[in-house]
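Participant: Pulled these features from Swiss-Prot for this protein:
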ACT_SITE  Arg345  active site, proton acceptor
ACT_SITE  Asp639  active site, proton donor
BINDING   Val118, Arg125, Phe126, Ser276, Arg313, Pro549  acetyl-CoA binding site
BINDING   Arg345, Glu440, Gly465, Phe466, Leu467, Asp468  glyoxylate binding site
BINDING   Glu440, Asp468  Mg(2+) binding site
MOD_RES   Cys625  cysteine sulfenic acid (-SOH)
Amino acid sequence: MTDRVTVGNLRVAPVLYDFINNEALPGTDIDPDTFWSGVDKVVADLTPRNQDLLARRDDLQAQIDRWHRARVIGGFEPEDYKQFLTDIGYLEPEPADFSITTAGVDDEITTTAGPQLVVPILNARFALNAANARWGSLYDALYGTDVISDEGGAEAGSGYNPVRGDKVIAYARRFLDGAVPLASGSWSDITGLKLDEGQLAATLDDGGTVGLGTPEQFVGYLGDAEAPTAVLLVNNGLHIEILIDAEAPIGATDKAGIKDVVLESAITTIMDFEDSVAAVDADDKVLGYRNWLGLNRGDLAEEVSKGGKTFTRVLNSDRTYTAANPGPDGATELTLPGRSLLFVRNVGHLMTNDAIVDAQGNEIPEGIQDALFTSLIGIHGLRTGDGNGPLVNSRTGSIYIVKPKMHGPDEVAFTCELFSRVEDVLGLPQNTLKVGIMDEERRTTLNLKACIKAAADRVVFINTGFLDRTGDEIHTSMDAGPMIRKGAMKSTEWIAAYENQNVDIGLETGFSGRAQIGKGMWAMTDLMADMVEQKIGQPRAGATTAWVPSPTAATLHAMHYHEVDVFAVHNELAGTRRGTVDQLLTIPLAKELAWAPEEIREEVDNNCQSILGYVVRWIDAGVGCSKVPDIHDVALMEDRATLRISSQLLANWLRHGVITEEDVKASLRRMAAVVDEQNAADPDFRPMAPDPDGSIAFQAAQELILSGADQPNGYTEPILHRRRREFKAASNVG
């Protein structure tokens, strides 16, 4: 790119400069020259600090590599290892007890436990669907997934199957019995709903009525009191809307005329600029920034074709009901948010992007760019009116930013300093920008309490990320010896300690009722029955939120937060610390290399297939998050985190002679044919197997494995970005 706009010491891509000046700045009351001058100063002051932190990562890794190489034969004592990490500053002293002081945070984060979506910001349709997933039909979620079995003639089919529909209704009634029980009997027995002297009354077959076991769970309704069209209930802070219409197709089959049960579902959503997107240049970044602007202004729209019809999808409005009881101010209406509360995930400290270069042509850190531009855009989510759009995101004046891939408290402190400088540029009060800390790197896990302390007045979220965290676990100890197989990682000692410690330190530092404690993604997008059975373990473990791959999954996962009162779990866990540093330092090394040749081949093939299936869409289609069938054709929601663990495991096995370079190359060639076949129905797919040497995607996958041990902290972004740019240049893709 040769044509750039000069801004002080910076050279800005015209597509970005024009977007900021013509679209993002109007409505913020910020002068363009003042803004760009501030950008120039922040970049000049903080880029060297960013580079120093990355150099510190490399230095620590080099010291750890040397330490392990000196002991790879004789092994080492855990206490010696722990002392070494302390001596080099990798393991830092834990601070004295404290509580976070974050203020001005929305209820969705502080006092509401529920599902969290993560979606790629480059896809406007996905972003709209996620923002609108605050409310979801339980009937649809059940009918369209394997939560309802096909047994007894209940197959989904192409048209409505009343046998399946009856199963859905029965399941929903059982859910209501658990979440909002009647004073006696079952929701399955009712024939109607009405108000009786301001209280909800359910009519029964014999003409009698029964109220709720806890009358306060009734909070609002729509329509006439004698024949409401909707009834609003609440349990554990989450709302349930029962829709009534005896003439609707489903309501007509229900003796109570109930046509649907709608659950408050995706309470919060992360709009992602990081692991789920392929944004490698100025054009990609501006596409994401423009979608983020539309979400904050409330005017994002997308043409959608469904069932042979085309319509425009927009953001949902808030929902207003007649209140069951007048509010403190005498208000007779109850208004609830119609949309998920939005976070934005910036990129980490590692990557740069050519959207802005300095006077010498060096790309500037992408994380600094994201902080400046996503925060500027976030101002629109704090206001309504001319220039800001009709909707707000935060009702408390905060902009929520998830910051990933931070290594230790110094990097968290740097993020907070960056946010403070951005607030100065934007004229925002200090601590407007809140931070979500991803606990997904080993040095952050080991120093989690110190990381939280570094952001004590900004932090609104800590979250475990098993895949990235495992990738860093492997890379940090790359030279210690061969690691166990990928599937065995979830049952290791350090993983259990990691998941428990995150909750315990969150509670210890005052997160309950003030900030989110989150847990990771359910990746098997089509296996919703398994999710409903298993994912309840996360709220039971104290998580106030956990990641889901779709709006449907959000609605199903919401049921878990009705069954589990997470804040009661917090009271039970308070004062405990279940994970120890010694457990966290237990490296997942294979005790002995007792794998049979076919087991090794299976592991290599599984990982190579996973890598190719993800990378080919990343490189050729610019898709950073998608359902990728595994070697057994089970659809998995994959992003860069899954790629990191797979490539790092194979790099580790290569390092220690478990496999050879030729084993990897042969597996990649075999698996390329498998991935080609899995994508055969896609007319735009470019097969890899016929010419692997000519496939940039294939070469990228191979490089990720063969060069995996040399990648900074095992990250995949440097290779992916370079190869995607190569593909775009070769294909004239904009």
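Glycine is treated like the rest: Cβ placed from N, Cα and C.
I'd like these features described in context: how deep, what's nearby, how far apart.
Facilitator: A simple way to gauge crowding: the CB of Arg345 (active site, proton acceptor) has 25 other CB atoms within 10 angstroms, across all the protein chains here.
A sphere of 10 angstroms centred on the C-beta of Asp639 (active site, proton donor) encloses 24 other C-beta atoms. Annotation note: Asp639 (active site, proton donor) sits in a coil segment as assigned by DSSP.
Counting every protein chain shown, the number of other Cβ atoms lying within 10 Å of the Cβ of Arg313 (acetyl-CoA binding site) is 16.
DSSP assigns Gly465 (glyoxylate binding site) to coil in the three-state reduction, placing it in neither a helix nor a strand. For Gly465 (glyoxylate binding site), the number of other Cβ atoms no farther than 10 Å from its own Cβ, over all displayed protein chains, is 23.
Taking the Cβ of Glu440 (glyoxylate binding site) as centre and 10 Å as the limit, one finds 27 other Cβ atoms among all the protein chains shown.
Neighbour list (Cys625 (cysteine sulfenic acid (-SOH)), Cβ cut-off 8 Å, at least 6 residues apart, same chain): Val119, Pro120, Asp272, Asp275, Ser276, Val277, Met637, Glu638, Asp639.
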Participant: Calculate the distance in Å between the alpha carbons (Cα) of Glu440 (glyoxylate binding site) and Arg313 (acetyl-CoA binding site), and round it to a whole number.
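Facilitator: Cα to Cα, Glu440 (glyoxylate binding site) and Arg313 (acetyl-CoA binding site) are separated by 35 Å.
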Participant: Count the Cβ atoms, other than its own, that fall within 10 Å of the Cβ of Val118 (acetyl-CoA binding site), considering every protein chain shown.
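Facilitator: For Val118 (acetyl-CoA binding site), the 10 Å Cβ neighbour count is 25.
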Participant: Restricting to the same chain and to sequence separations of six or more, state which residues have a Cβ under 8 Å from that of Asp468 (glyoxylate binding site).
Facilitator: Asp275, Pro404, Lys405, Met438, Glu440, Glu441, Ala641, Arg644, Ile645
Participant: Just how many other Cβ atoms lie inside 10 Å of the Cβ on Phe466 (glyoxylate binding site)?
Facilitator: 19
Participant: Filter the recorded positions Arg345, Gly465, Leu467 down to the ones within 10 angstroms of Val118 (acetyl-CoA binding site), Cα to Cα, kept in sequence order.
Facilitator: Arg345
Participant: How many Å lie between the Cα of Arg313 (acetyl-CoA binding site) and the Cα of Gly465 (glyoxylate binding site)?
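Facilitator: Here the two Cα atoms lie 32 Å apart.
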